[in-house]
Amino acid sequence: GTAGKVIKCKAAIAWEIKKPLSIEQIEVAPPKAHEVRIKILATGICRSDDHVISGAFKMPLPMVLGHEAAGVVESVGEGVTCVKPGDKVIPLFVPQCGKCSSCRSTRGNLCTSNDLSAATGLMPDGTSRFTCKGKSLHHFISTSSFTEYTVVHENSVVKIDAAAPLEKVCLIGCGFSTGYGAAVETAKVEPGSTCAVFGLGGVGLSAVMGCKAAGASRIIGVDINKDKFPKAKEMGATECVNPLDYKKPINEVLFDLTGGEGVDYSFEVIGRTDTMTAALASCHMDYGTSIIVGLPPSASEITFSPGLIFTGRTWKGSVFGGWKSKDSVPRLVSDFMQKKFSLDPLITHTMPFDKINEGFELLRAGKSIRSVLLF
């Protein structure tokens, strides 16, 4: 077997920003105590991976990107009890240590052991398990799935149903859960309410699905790419608007569409500061809630009129849909297996891992929702 040995395998490496990923052979060290080595079988391409490549989301390079995935445990380090070799698993970019303030709180889900904000690009012990040509490679947000094998901390992996199709449930590792949870878990959308979703990519469409599941009576999709509208309507949007079709700001358009009231809930699923303030301004001045779901660029700051908040609006962020990862991912996989929701409409392309750069080109061109790479 491979347990306890260095594994040589294929990975896509980001050596520098604004360059295609490079598929090369890397060495993956065995897991240390409380770590798990996973054979990745399916991984989705998410806009957040592209934000690192573009330089918008600052991370230390070289790095093995990818964070939306599913696979099988190859081996475990000393002291690991939550999974065993052969288990089907999903790596978690939001860990759940069970001990920190966020994990202990019923209201929190962003475990403080996450590497989203610190951006060290390393394992919790401050080292890497990846090398290429004698050079150490960084890990990406506790996961790194653009590789045949990865190593994660035991707080960043969870066992799922052995019968689950990994090429579909990999989306529960990020895109689906992030959007769906923003509606049902973070916003707690109420039946009969009106929602607006800004950005109709994979996460935005999942937010649309969440609004529908929560019983929203109107779900307005907002995107400057009208090619996204048919799919949004298929997923539950009752109408779609393109801000480029109007002379007035989109928040005024949404007020007009709601009889001057504004929407009950708005979701910004793009990651732009201008659309974040527009989404806030689109919701009801008193009890409206706006959720920031899109990953904001590292360097950006936001300016807005405090009057927007003073009247009673709520502005809230949501990471991984507000779900506590270890508690929720297995349950979401079970719900999928029980056909409580479908992931098929989100997966527009399936391709071999070697075509990863083509997958990113489809994303940038607005031609895909989710591309799933198979090893």
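Every residue, even glycine, has its Cβ placed from backbone N, Cα and C.
Per Swiss-Prot, the feature N-acetylglycine maps to G1; the stated evidence is experimental evidence. In the three-state DSSP classification, G1 (N-acetylglycine) falls within coil. Cβ neighbour count for G1 (N-acetylglycine) (all protein chains, 10 Å cutoff from its Cβ): 7.
Contacts of C174 (Zn(2+) 1 binding site) defined by a Cβ separation under 8 A and a same-chain sequence distance of 6+ are given as G44, C46, S48, H67, E68, F93, F320, in order along the sequence. The feature Zn(2+) 1 binding site is assigned by Swiss-Prot to C46, H67, C174, with similarity to another entry given as support.
Taken from Swiss-Prot, the feature Zn(2+) 2 binding site covers C97, C100, C103, C111, and the record attributes it to similarity to another entry. Residue environment of C103 (Zn(2+) 2 binding site) contains 21 other Cβ atoms, counted within 10 Å of its Cβ in all protein chains.
Sequence-distant neighbours of L295 (NAD(+) binding site) (same chain, 6+ apart, CB under 8 A from its CB) are R47, S48, H51, F57, G271. The NAD(+) binding site annotation in Swiss-Prot covers G199, L200, G201, G202, V203, G204, D223, K228, V293, G294, L295, R370, and the record cites similarity to another entry as its basis.
Separation of the C-alpha atoms of C103 (Zn(2+) 2 binding site) and V293 (NAD(+) binding site): 20 Å, rounded to the nearest whole number. The two recorded residues, C111 (Zn(2+) 2 binding site) and G1 (N-acetylglycine), have Cα atoms 34 Å apart. Highest Cβ count within 10 Å among the binding-site residues C100, C111: C111. Cα separation, D223 (NAD(+) binding site) to C97 (Zn(2+) 2 binding site), rounded: 37 Å. Residue environment of C46 (Zn(2+) 1 binding site) contains 26 other Cβ atoms, counted within 10 Å of its Cβ in all protein chains. For the Zn(2+) 2 site, the Cβ centre of C97, C100, C103, C111 serves as reference, and the other residues of the chain with Cβ at most 8 Å from it are P95, Q96, G98, K99, S101, S102, R104, T112, S113, N155.
When other Cβ atoms within 10 Å of the Cβ of G199 (NAD(+) binding site) are tallied across all protein chains shown, the result is 27.
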